[in-house]
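Per TrEMBL, transmembrane segment is recorded for 20-41, 61-89, 112-139, 160-180, 200-224, 254-276, 296-319. Residues annotated as domain 'G-protein coupled receptors family 1 profile' in TrEMBL: 33-307.
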């Protein structure tokens, strides 16, 4: 007998009283934000072109920000249309795709949705960690940074990290973890409560990995701020404004990264808490699980808008004035 909280695990239709309007608005906001962010990044690349038409000198940080925007955009374009199609046909994900006709068995589309949710929740975390490491190395270990961090290394590590992330998130499809449909029938993710170690091992491992990545990002940001503070203390009290403010480009990167990290932590923390509560306290509150999944999906919507707002001249002027003080 299934726990009472998982009432939509075998449902064939979407719960009554649900509307596709919130999902449509979030999809439009995420699509517009990521497209605008990519346009701004393309504009920055054109402005960074060297004299004589040589290839533009774009920092590794902006390459990683571009990768984050592309990842968020890809996640929205793959996940949101599935949710909107379920609303359009008034069918749950297990019913909409092939398979999943028996009670409790997720369909192929539901399993794919669960995999994509896990992948696009973890992949941006790895990109944020790469951005934090890049900022930390450029400030604290500039010689190592210039000698070893090349474009070729970045081009190799990016696909390798994405491949490892995809293999890890595919473990539930191989039996380590259970993909499951959540209410109102338009969401699928890994089952976070009930079952034995084989069923709950993956969500606990997933939440623990995300928590460790968040801690590593925070440690890198704190160390980068320490390096910037030491550099500011070594600057002369008098002199032109350009000399009084050390390495404003790194400061811009650090502030943008810090804002994204705070928002990502806020969006991912509910899921981490729900996983541990479901695994160790047997909490079958499906409404809380759904709220945690929605928080995780909001992160890909907020990130590009943070970048767009940060790139405005007024906001950057305000931030620099505060930092100078």
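Note that Cβ sites are derived from N, Cα and C of the backbone, with glycine treated the same way.
In summary, the transmembrane segment (254-276) lies against the transmembrane segment (112-139): three or more C-beta pairs, each 6 or more positions apart in sequence, are under 8 Å. Taken together, the residues of the domain 'G-protein coupled receptors family 1 profile' (33-307) have an average pLDDT of 77.
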